[in-house]
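Encoded as C-alpha cells, the structure appears first; notes follow it.
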Amino acid sequence: MIKPLLHIIKLFSPRREKFYSFIKDATGIKPDNIQIYQQAFIHKSAMKKGEDKRFVNNERLEFLGDAMLGAIVADQLYKHFPTKNEGFLTKTRSRIVNRNRLNKIALKMGLGNWIDAQSKIDIAQTSILGDALEALIGAVYVDKGYKDCEIFIVERIIDRYIDLKAIAKKDSNYKSLLIELGQKHKRSVHFITEEKHLTDAIAPTFISRAAVDGEVIGQGEGFSKKEAQQNAAKIALRVLRNKDAN
C-alpha cells in the first residue's frame, strides 16, 4: 500500500503536476502513462536512466511520431484535394512536415519550456524543437493509440497552425525554380554543399552555396542537404530578380 501511495505523491509533485496539465492542454488528451511524455522531451544530450536502468532519450519516439505525422498529413491532403495527383500531394506534404515549420509550431505550442537538453545548446538554432514535437506525437500514439493520435494531429496541429490551401498554392521548390531559370537563359547552375558539425551533441548543419555561371550568389544553411540547398536557391533567386529589376 505504501509503494502506490508514494508513486502517486511523486507523480503529482508540483513540477510533474504542471507538466501533466501542459500535456493535457497541448494535446487535448488525459495522459495515462506520463513517463512516456516526459521521455518525449529528453534530448540525446541529456539522456536519463529509465526504470530498466537503460539510458533513454526521445529519438525512438521521434521516429514513431515522424511516421505518424507523415501518414496523417498524407491522409488529410488526400481528402482535401481529391483531384490532385500524387506528385502534388507529395510536394505539399514535404512543405508541411519540413523541419523549419515543425520548429515554429513546437515553439508556438510552448514545447521549448519543457525540453531537457544540455544548457550550452541553443535549441532555437537546432532541430530540437521539431524533433520534440514529433516525439510528442509518438508518445501520444504509444499511450493512447492511433485514433487519439490522429485527433491530436488534426485538431491541435493542422487545424491550428497549418493552412493546407495556402501551402498547396505556394511553390517553394526554390532549387527547381533556379535550375529551370538557368536552363531558360542557358546559364549553368550548381550547388556546393558541405556538412558542418556544431558540437558532438547535436545534429550537423549543412551549408550550401548556389552558383550561377560559376559565381556564388546565394548561401543557405539547413538541418539536411536538401534544406540547405533550398535556402541557398531562395537567396540566389532573389539576387537574380533584383538584377533584372535594375
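Cβ atoms here come from the backbone N, Cα and C positions, even for glycine.
Annotated features in TrEMBL:
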DOMAIN    20-145  domain 'RNase III'
BINDING   E62, D131, E134  Mg(2+) binding site
ACT_SITE  D66  active site
ACT_SITE  E134  active site
DOMAIN    173-242  domain 'DRBM'
Which listed residue (E62, D66, D131, E134) has most other Cβ within 10 Å, given these are recorded positions: D131
D131 (Mg(2+) binding site) to D66 (active site) - Cα separation in whole Å: 9
Secondary structure composition of the domain 'RNase III' (20-145) [DSSP: H/G/I, E/B, coil]: 84 helix, 6 strand, 36 coil
Helix, strand and coil residues within the domain 'DRBM' (173-242) as assigned by DSSP: 29 helix, 24 strand, 17 coil
Cα separation, E134 (Mg(2+) binding site) to D66 (active site) (Å, whole number): 5
